[in-house]
Amino acid sequence: MTGYEARLITFGTWMYFVNKEQLARAGFYAIGQEDKVQCFHCGGGLANWKPKEDPWEQHAKWYPGCKYLLEEKGHEYINNIHLTRSLEGALVQTTKKTPSLTKRINDTIFPNPMLQEAIRMGFDFKDVKKIMEERIQTSGSNYKTLEVLVADLVSAQKDTTENESNQTSLQREISPEEPLRRLQDEKLCKICMDRHIAVVFIPCGHLVTCKQCAEAVDRCPMCSAVIDFKQRVFMS
């Protein structure tokens, strides 16, 4: 499906809102299920097309890390799409940030190649943007290394999961030793139950194994998802 003509053929008697030639040029091909399409390069899927929607814009909106998209449209195009969405969202939300501060933060975030790299690794755009904004507001500068960014993203995801779990656990009594035991168990590798967890699996985001055990698996032991990338993290 790397060729335009090959993708175009898949649309056959396409009768939906969006022009099939535009879809094919944007890297998409029809998968034979209603108006569902998929990018030949990044594998990203889209459906439920609305009138006048632009395939390139939707590609950039949902899959900004796609290398085909980057080669064809460039970083500036992708950044402008997300900047426009951010500014539109700011118009309908009450916020304490001034317009000049919002622009300064966005000007710092969007050109940063680590934004695209984190998205390519499977992290959600909104999560990456949010944590970068918080970093700039607290320290005055963006992340310097991808490793620190990934570690903070994983930590934020872990905190969210723990907060949801804590709401349930507060409904039942636990012994004084239980929190300490649980904390110790959470830090142990779920395979060897001996060493501390030290690797996050991408794209599922699970942090469940030590470095040694991570090297021996191709699928996440927690959810069985295929592992595309293994990121070393350092737990405090």
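Keep in mind that glycine also has a Cβ here, set from the backbone N, Cα and C atoms.
Over in Swiss-Prot, the protein carries these features:
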type	residues	note
BINDING	C39, C42, H59, C66	Zn(2+) binding site
REPEAT	7-70	repeat 'BIR'
ZN_FING	189-224	zinc finger
DSSP output for C39 (Zn(2+) binding site) maps to strand
Taking every protein chain in this structure into account, which of the binding-site residues C39, C66 has the most other Cβ atoms within 10 Å of its Cβ? C66
With DSSP helix as H/G/I and strand as E/B, how many residues of the zinc finger (189-224) fall in helix, strand and coil? 4 helix, 9 strand, 23 coil
Other than C39, C42, H59, C66 themselves, what residues in this chain have Cβ atoms within 8 Å of the centroid of the Zn(2+) site's Cβ atoms? G27, H41, G43, G44, Y63, Y68, L69
Please determine which of the binding-site residues listed here (C42, H59) has the lowest count of neighbouring CB atoms within 10 Å. C42
I want to verify one value. Collapsing DSSP to three states, which class is C66 (Zn(2+) binding site)? coil
Restricting attention to the repeat 'BIR' (7-70), give the mean pLDDT. 91
